[in-house]
Amino acid sequence: MGEEHKPLLDASGVDPREEDKTATAILRRKKKDNMLLVDDAINDDNSVIAINSNTMDKLELFRGDTVLVKGKKRKDTVLIVLIDDELEDGACRINRVVRNNLRIRLGDLVTIHPCPDIKYATRISVLPIADTIEGITGNLFDVFLKPYFVEAYRPVRKGDHFVVRGGMRQVEFKVVDVEPEEYAVVAQDTIIHWEGEPINREDEENNMNEVGYDDIGGCRKQMAQIREMVELPLRHPQLFKAIGIKPPRGVLMYGPPGTGKTLMARAVANETGAFFFLINGPEVMSKMAGESESNLRKAFEEAEKNAPAIIFIDEIDSIAPKRDKTNGEVERRVVSQLLTLMDGMKARSNVVVIAATNRPNSIDPALRRFGRFDREVDIGIPDATGRLEVLRIHTKNMKLADDVDLEALAAETHGYVGADIASLCSEAAMQQIREKMDLIDLDEDEIDAEVLDSLGVTMDNFRFALGNSNPSALRETVVESVNVTWDDVGGLDEIKEELKETVEYPVLHPDQYTKFGLSPSKGVLFYGPPGTGKTLLAKAVATEVSANFISVKGPELLSMWYGESESNIRDIFDKARAAAPTVVFLDELDSIAKARGGSLGDAGGASDRVVNQLLTEMDGMNAKKNVFVIGATNRPDQIDPAILRPGRLDQLIYVPLPDENARLSILNAQLRKTPLEPGLELTAIAKATQGFSGADLLYIVQRAAKYAIKDSIEAHRQHEAEKEVKVEGEDVEMTDEGAKAEQEPEVDPVPYITKEHFAEAMKTAKRSVSDAELRRYEAYSQQMKASRGQFSNFNFNDAPLGTTATDNANSNNSAPSGAGAAFGSNAEEDDDLYS
């Protein structure tokens, strides 16, 4: 009676907060006593594994026992156990050669199993690796093999390598064959066969470099999903039988190119030991009637014969397009054949079909139902943690300098997929080689060992590579590698601060937004007179956040073809989401986002459709994706009001003409790398240029520099002419004094920009924004402030119950008269839209 019933937190009885843990449960290895951490060996014997006495007692082993040691990628070998009490519990020592045989590194885990019933070998076959016997004469058996096997008890495993030292040399051998079984101990009467063609190391290394789970980074959750659906049915089909369901038949992997879809399928095949049958989509197709379907049937038959098997169809969209959209009869027949083959697979035939594509929506929908491709796994662009994993994988065999910070690189490579990171590492290594090119003699056959030892990829090499690469998802969109910092933007301090809050905070402090349960604002509109630095501000924002920067020039998006303009906008936002965090900068926004309703004369209302598409894209920006839209215009009155509502471009920032201090700041920013005449006061220019925009000031600076360059070139020419006249006029004696005069450094006639140059430049300077235009901008800005400042005096205690927001608005709304018509638009008529 008193029994307390606890309500289930979920239909499955699992606390929903534990969901993430179960999603990757298959990746967690269960820690057992016989799993040992690998340390480096002290004595370099190829046949031993050393563990301490406690571990030996726990595993019920004795010194000298033969054990089976399992590593990665289904590799194992047989070794003899020795005691080393300097080791900690749960650790073991294995030498480098054995580690290579097991495909493991220091710090990895191996499992140990007793192997008491190992037999003696009747015959083993060994062959040397070619590059280790160069220059050796004499009998390999007498010098190397006989002492190695006669002097010690040696268990061997087919396929293993071992290194033998003899005299001053060491030779590497491979066990090619063992009789009667794969594992055996070499005894006194074992026949050792060693004659044959030496093995080429390149061929061996290709076999050793098979892809495994360790070679895949950045998609931990997806890896867990695929292993659940592929590895479990292949290795333990009884699990599904016991629970009474059919195992999955097919998995469809989709995602941008370069994320590792093909690599993942190969890794699963290598680690499970399944037969791997690769079908490259286009290779199946044939012009002969019936041959394409026949090729598919053969692939499935071959896989069923060699079960457990994985059939991997790469680029499946090329052989299974939507049947109602294709004109070719062959494609339709191939799709139908694939459907019947997948339906015809026996329930527990131990064959799994994996397909990969980067265009999942162009595949025939009949393939995407349960029983065919049951599961769809989105292998997306990795986040910073994923990128760090991928960087570690690609740099594990690279020689890195001490200053390389992989975490910083991972943080800076937004939008990079695995293939981009591989390319980045390769480019950084090439840059290191280029830097050492002076020390390398290309004509020599061999490169000096000192030069090879001095190679090491530095952080500067990675920075260089970063500057020369961009994410492959954005290759066709012009992604500008922007190098504009806040220092390049003079003045506008308040606006800079506001921008930092809008764009930097969500990227650098996402935890704060989570804490307050809000999603950050994603849109900003700069408006103001031409030349005030709106575009420059957007570039500086992208650099400071180290986000990708997509610059969209309004008129470029418009196309004469029906629907093409909207499609261009969709593509840009899709790419921005793929490479997030991204700043999408819409320059001259008024050209593509004009107020709707007035575009009847253009291409069937193309402008209206573009605005509609832009609105839906801004609303559809996924909350998890950091995509910021910055618009810039100098005609804010022409922009559709729906774009300016909160949730879209909700922060309207007026970029005014600079005041005197801002003008001085702009001049300093523009001239910070330019030599100026000592004592030249820029304040005089700043004071004189009332009403000038940043672009107007840049014109003055460029004009002054132009005059300085002109004077410098003319002075140089005059100096050269004088020298020639001097040489022709008198025969100069080459005395010591003459030689000294020759060597004297030439004095630069124009070393800096002078006051005269600026005075000359000021004569042609002019304002680009008239007073009348400026008044219109100021009035519009005041109108926007007034419309958004209705409740500036709001106080919780002051608002009595029963008063409506409208009452408060009416009492506070004091927009300046005429402000609504600032740009010639009639605000009174607009307000009466629904009357």
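Note that Cβ sites are derived from N, Cα and C of the backbone, with glycine treated the same way.
As annotated by Swiss-Prot, region 'Disordered' applies to 1-21 (among others).
Per Swiss-Prot, ATP 1 binding site is recorded for P257, G258, T259, G260, K261, T262, L263, N358, H394. Cβ neighbours of L263 (ATP 1 binding site) (same chain, under 8 Å, six or more residues apart in sequence): V211, D215, I216, G418.
If you look up Swiss-Prot, you'll see K305 (among others) marked as ubiquitin cross-link, on the strength of a large-scale study or a structure entry. According to DSSP, K305 (ubiquitin cross-link) is assigned to a helical segment. In the shown protein chains, 10 other C-beta atoms lie within 10 A of the C-beta of K305 (ubiquitin cross-link).
Residues or ranges marked as ubiquitin cross-link by Swiss-Prot: K322 (among others). Within the same chain, the residues at least 6 positions away from K322 (ubiquitin cross-link) whose Cβ sits under 8 Å from its Cβ are S362, I363, D364, P365, listed in sequence order.
For K346 (ubiquitin cross-link), the Cβ neighbour count at a 10 Å cut-off comes to 9, with all displayed protein chains included. The ubiquitin cross-link annotation in Swiss-Prot covers K346 (among others).
Residues or ranges marked as phosphoserine by Swiss-Prot on the basis of a large-scale study or a structure entry: S472 (among others). S472 (phosphoserine): 20 other CB atoms within 10 A of its CB, across all protein chains. The DSSP secondary structure for S472 (phosphoserine) is helix.
Taken from Swiss-Prot, the feature phosphoserine covers S519 (among others), and the record attributes it to a large-scale study or a structure entry. DSSP gives S519 (phosphoserine) a coil state; it is part of no helix or strand. Summarising the environment of S519 (phosphoserine), the number of other Cβ atoms within 10 Å of its Cβ, over all protein chains shown, is 12.
Look at Swiss-Prot and you will find K522 (among others) tagged as ubiquitin cross-link, backed by a large-scale study or a structure entry. If you draw a 10 Å sphere around the CB of K522 (ubiquitin cross-link), it holds 23 other CB atoms from the protein chains shown.
L536 (ATP 2 binding site) carries a helical DSSP state (H, G or I). Around the Cβ of L536 (ATP 2 binding site), 19 further Cβ atoms fall within 10 Å across all displayed protein chains. The ATP 2 binding site annotation in Swiss-Prot covers G531, T532, G533, K534, T535, L536.
According to Swiss-Prot, the feature ubiquitin cross-link maps to K539 (among others), an assignment based on a large-scale study or a structure entry.
When other Cβ atoms within 10 Å of the Cβ of K594 (ubiquitin cross-link) are tallied across all protein chains shown, the result is 19. What Swiss-Prot records for K594 (among others) is ubiquitin cross-link.
The ubiquitin cross-link feature in Swiss-Prot is assigned to K673 (among others). The Cβ of K673 (ubiquitin cross-link) has 5 neighbouring Cβ atoms from other residues within 10 Å, across all protein chains displayed.
As annotated by Swiss-Prot, region 'Disordered' applies to 720-746 (among others).
Annotation source Swiss-Prot lists compositional bias 'Basic and acidic residues' at 720-729.
Taken from Swiss-Prot, the feature phosphothreonine applies to T735, supported by a large-scale study or a structure entry.
The annotation phosphoserine is assigned in Swiss-Prot to S770 (among others) on the grounds of a large-scale study or a structure entry. Taking all protein chains in view, 11 other C-beta atoms sit within 10 angstroms of the C-beta of S770 (phosphoserine).
Between the listed binding-site residues, namely T259, T532, T535, the fewest other CB atoms within 10 angstroms of a CB are found at T535.
Taking H, G and I as helix, E and B as strand and the rest as coil, DSSP gives the compositional bias 'Basic and acidic residues' (720-729) the counts 10 helix, 0 strand, 0 coil. Taken residue by residue with DSSP, L263 (ATP 1 binding site) is part of a helix.
Cβ contacts within 10 Å of G531 (ATP 2 binding site), excluding its own Cβ and spanning all protein chains shown: 21. Following the DSSP three-state reduction, the secondary structure of P257 (ATP 1 binding site) is coil. Neighbour count (other Cβ atoms within 10 Å of the Cβ, all protein chains): 27 for G533 (ATP 2 binding site). Note: the CA-CA distance between T532 (ATP 2 binding site) and K539 (ubiquitin cross-link) rounds to 14 Å. Separating the Cα atoms of G531 (ATP 2 binding site) and K305 (ubiquitin cross-link) is a whole-number distance of 72 Å. For K539 (ubiquitin cross-link), the Cβ neighbour count at a 10 Å cut-off comes to 22, with all displayed protein chains included.
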